[in-house]
Amino acid sequence: MAHGAGGRATQTLIEAVFLDAFRNPLLEPLEDGAVIQVPAFTAPGGACARLAFTTDSYVVSPLFFPGGDIGDLAVNGTVNDLAVCGARPLYLSAGFVLEEGFPVEDLRRVAASMARAAAAAGVAIVTGDTKVVQRGKADGCYVTTAGVGLLDRDTRLGVARARPGDAVLVSGPIGEHGVTIMLARGELDIEADVTSDTAPLNGLITALLQATGAVRCLRDATRGGVATILNEIARASDVAVVVDEDAVPVRPDVRGACELLGIDPLYVACEGRVVVVVAGEAAEEALAALRGHPLGAGAAIIGRVAADPPSLVLLRTAFGGTRIVDVLVGDPLPRIC
Amino acid sequence: MQGVGFRPFVYGLATRLGLAGLVGNDERGVFIEVEGGGALVEAFLAALAADPPPLAVIERISTGPAAVTGRRDFVIAPSPAPDLPRGLPWADRRALVSPDVATCDACLCDVADPAGRRYGYAFTNCTCCGPRFTIVRDVPYDRANTTMAGFRMCPDCAREYHDPADRRFHAQPVCCPACGPRLRLLLPGGGEERGDPLEESVRLLRRGRVLAVKGLGGFHLAALAGDETAVAALRARKHREDKPFAVMAGGLAEARLLCEVSAAEERLLTGPARPVVLLRRLDAAGVAPSATPSATPSVAPSVAPSVAPGNRWLGVLLPYTPLHHLLLRALAEPIVLTSGNVSDEPIVHRDEEVRERLGGVADAFLTHDRPIHVRTDDSVVRVFRGRALPIRRSRGYAPHPLPLAGGAPRPVLACGAELKHTFCLARDDRAFVSQHIGDLENHETLRSFTEGVTHFMRLFDVVPEVIAHDLHPDYLSTKYALDWILERDADLVGVQHHHAHVASCLADNGVAGPVIGVAFDGLGYGLDGTLWGGEFLVADLAGFERAGHLATVPMPGGAAAIRQPWRMAAAYLDLAYEGDVPGDLGVVRRNARRWGVVTAMARRGVNAPRTSSAGRLFDAVAALVGTRDEITYEGQAAVELEQIADLRVDDAYACPLISGEGPFTASFTASFTVPGVDLVRAAADDLRSGTPREVVAARFHNTLAHVVADGCDHLRETTGLSAVALSGGVFQNLLLLDRAVTLLEERRFTVLTHHHVPPNDGGVSLGQAAVAAARDRPADPG
Ligand SMILES: [Fe+3]
Ligand SMILES: [Mg+2]
Ligand SMILES: [Zn+2]
Ligand SMILES: [Zn+2]
């Protein structure tokens with residue numbers, strides 16, 4: 001197709017402002033983290049050590065929610081961004097912006113939760129910063145974490161590496177974090193047994209990368225959900241990603257809440273789920289490796305990569321139709337006339 | 001237009017009168033030279049004007065004297081068209097591809113003539129009829145550039161093709177049983193039915209089987225219309241719960257056994273385009289929407305309950321290919337004929353796909369070896385006050401150009417909307433609106449769109465320099481437009497959805513405005529980021545002002561509120577009763593479990609975009625009166641509300657406009673809002689006092705008609721305008737349209753409605769093209 005209507009022209013704020021201002025080869029792929037060759041550190045065998053480096057800011061309301069809080073979210077998020085680069089996360093920094101009057105008790109809870117998450121992920125929080133702003137200038141507490149990790153293996157991962165014939169997997173049921181947050185705001189009286197999926201994925205990813213060398217791409221499906229990640233892969237790799245609607249794991253309570261709220265679980269954020277693209281012949285191996293880890297027990301093969309139509313994500317519906325799963329430009333607005 | 005049999009007609013006429021001369025065509029049109037006695041020439045001219053071939057459209061005849069040559073014969077000058085090289089001036093190529101044309105009477109006689117060589121032949125055609133747009137691969141329109149290229153003419157057909165006096169002179173798809181396409185009856189498993197395909201097909205249909213039948217623009221699914229079991233099976237397999245099916249009747253007489261047919265409806269039914277015409281049913285079978293289809297013995301000639309449940313109207317079409325004629329004649333009873341697809345998929349048109357995609361639906365496939373190049377669905381029209389009101393403009397109409405008043409200084413591609421999609425290419429004073437493409441979020445449909453644009457650009461030799469698009473950022477057509485300019489040089493023009501609706505109505509009527517435009521539809525992206533759809537615009541082609549609108553309300557759940565109209569009832573009632581909604585309302589009781597959550601979403605704005613949509617107001621009232629809480633096809637709740645309305649009721653609720661900046665006013669330019677909340681409260685109170693829902697439904701329609709007229713009155717006072725254009729999908733509702741037009745005309749407004757493109761989003765591309773062209777004209781302001 002001359003024009004795929006893939007919306008390539010719809011630039012994000014990041015591309016329009018920051019990529020333009022900071023442009024360099026390490027930033028350009030816009031992956032979850034940057035992988036840096038560090039000549040000063042030489043790995044055993046004389047090869048250049050490869051370092052992964054990432055940062056993320058966390059604003060979430062409410063700060064405490066079923067299954068987690070802003071603290072473990074901030075640690076797990078940065079750990080996961082390193083892990084999906086194929087790195088072993090090592091050290092984190094933590095920056096806090098606190099609103100004047102934020103209860104110290106709450107701050108202690110956040111810190112304790114960060115410590116627990118760091119211990120679980122096997123990383124150390126080695127530096128930090130705290131600023132207090134006037135009442136009303138912030139919403140309680142914001143956390144920024146940065147992290148570094150080492151790439152032990154020669155694995156090359158990236159959103160541009162998907163090839164026709166590859167399989168697409170998710171490491172577990174989707175949408176739990178986003179739905180939990182919506183419900184935790186307490187505005188709606190929805191009965192649903194849902195907790196956030198926030199978790200450190202480095203152990204799971206290590207198990208996966210040990211099991212197969214055929215992984216092409218790993219992404220944690222945070223903002224914009226699985227749909228947005230798959231679109232990034234389809235565009236960067238110039239391939240089609242075809243997803244089977246029936247194969248996408250969604251817990252019944254999440255599905256029920258999504259139906260009530262009128263949202264599509266494919267677009268809902270996860271904080272402990274990784275999307276995996278792996279060579280087709282290694283799909284079962286990868287699935288077994290994921291399912292062998294407690295955090296990947298609900299993993300599933302959800303689709304495959306095809307050559308045509310390039311840059312589009314298609315959902316094969318129960319009736320055998322193919323619906324286009326597009327990136328949404330803004331808040332989801334109905335398109336029906 | 002080529003392929004309408006005009007030159008053979010002139011040849012025949014002149015020869016009968018004994019005139020000498022010639023007929024030919026050039027870039028200006030047809031030219032004729034005749035030589036002979038004065039009275040004969042007069043007779044010739046009179047006959048030319050009085051009785052041209054059915055497909056020929058004579059815009060103007062100009063005459064003048066010519067030198068006497070002394071020749072004795074009459075000839076058809078060779079047409080330059082087939083030899084035209086690429087890149088010729090526009091005028092030579094623009095009108096070369098005609099829409100598909102229903103089988104003409106002369107060809108029907110050929111098919112029925114046991115002594116003729118085309119007796120019973122399903123692919124008979126001539127210059128007056130047959131496939132055109134659906135088989136054309138490229139221009140010039142020549143057999144080699146159609147899907148007939150693979151069929152070598154036999155000597156008999158070649159003789160007809162080359163004989164200027166023959167009806168089949170230069171009929172590109174000419175063929176016969178010796179040289180043309182053949183029918184086959186395939187079985188889902190992979191085998192082929194032996195024996196006569198037509199006879200076997202008839203046998204299968206009579207046994208209550210579902211048959212896939214290859215038509216002009218795609219495969220249809222057919223079943224006996226009187227056989228409830230067969231129709232119900234078709235519904236279940238197609239996953240089409242409620243949307244009415246169309247019925248093909250053998251002829252006009254058979255159609256009259258099912259429905260009332262007015263003179264205008266008869267003209268449409270029997271005309272060359274052969275659309276599905278929505279006709280008033282004679283039986284009352286469908287009138288109660290909640291009645292579950294029962295296996296009541298079907299009294300011929302009524303149709304089975306599942307054909308169009310809950311509908312006073314029935315979509316009827318007459319045979320338009322010899323195959324349809326042969327099938328219907330052999331069956332001697334009507335069949336359901338519906339798009340060959342599952343659920344909302346586009347209609348299947350490729351032979352390679354039919355087994356895979358329709359294998360679960362059809363028991364057999366009546367197909368043939370003439371490929372379909374362009375998927376084209378059946379067109380659908382209603383008749384309003386003696387004129388066509390298109391619902392879907394497709395087979396038989398596309399790609400016939402529509403005049404574009406004022407013209408386009410630079411070629412325009414208008415990318416259309418999202419659902420019921422069409423696109424439009426405009427150049428000079430012509431607009432080529434595509435066939436109905438479908439809903440773009442479907443990948444097959446998106447492909448039809450992108451490939452269709454390329455196809456139209458080649459057919460009509462248009463390279464767009466202006467790309468018009470909707471403002472909705474997530475429409476795939478918008479993204480297509482934005483992507484276009486990454487690769488090619490062109491200017492982008494964003495056109496607000498409801499401005500495009502009003503402009504399409506202006507273009508449809510060949511006027512430029514300014515007018516008071518009333519655009520009532522489901523949803524369209526507004527300038528303020530809310531979803532519009534109950535709009536009063538003061539507009540011309542180049543620009544508009546939002547002068548009034550329905551007060552905005554939340555849509556709790558976004559798209560879920562469209563699928564579940566009861567959510568709109570909840571949003572409206574919660575506002576109408578300020579949270580204290582009477583618990584005795586049926587819609588509250590039926591949805592009690594979710595009522596609290598959904599109203600909380602509405603109040604707190606949790607996934608509850610705001611809308612001024614008239615379609616959503618229809619949804620709210622439909623759910624309120626209990627016709628429907630959840631829909632299975634677009635617009636269903638409003639369709640059913642129209643069906644149950646008691647037509648004898650002519651009073652209305654009070655719904656005075658709120659002048660100036662009302663509490664719900666979302667726009668600075670609007671001078672009034674319409675409090676839909678008051679209307680819903682009035683309907684709810686009426687219902688609670690025991691008024692039958694049929695009466696409430698009628699009063700609701702009447703109130704909206706008054707709202708339209710009152711809004712226009714208000715704007716006439718401030719603007720002095722007295723012309724009103726009615727557009728948007730809501731105006732497919734004949735009850736509302738009729739009552740609104742009646743009131744407006746009583747108040748001495750001039751009312752414009754749609755006649756050539758649909759008021760729904762199928763017309764949006766024409767409106768976008770008209771707006772983009774107007775903005776491109778230096779003389780126009782804006
Ligand atoms: Fe619309
Ligand atoms: Mg990140
Ligand atoms: Zn004919
Ligand atoms: Zn022949």
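Yeah, the Cβs are placed from backbone N, Cα and C, and that goes for glycine too.
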Among B:83-102, B:123-142, B:763-782, TrEMBL marks as region 'Disordered' the stretch B:763-782
For B:R7 (active site), list the number of other Cβ atoms lying within 10 Å of its Cβ atom. 24
Within the region 'Disordered' (B:763-782), residues counted as helix, strand or coil by DSSP: 14 helix, 0 strand, 6 coil
Counts of helix, strand and coil residues, the domain 'Acylphosphatase-like' (B:1-78), according to DSSP: 25 helix, 17 strand, 36 coil
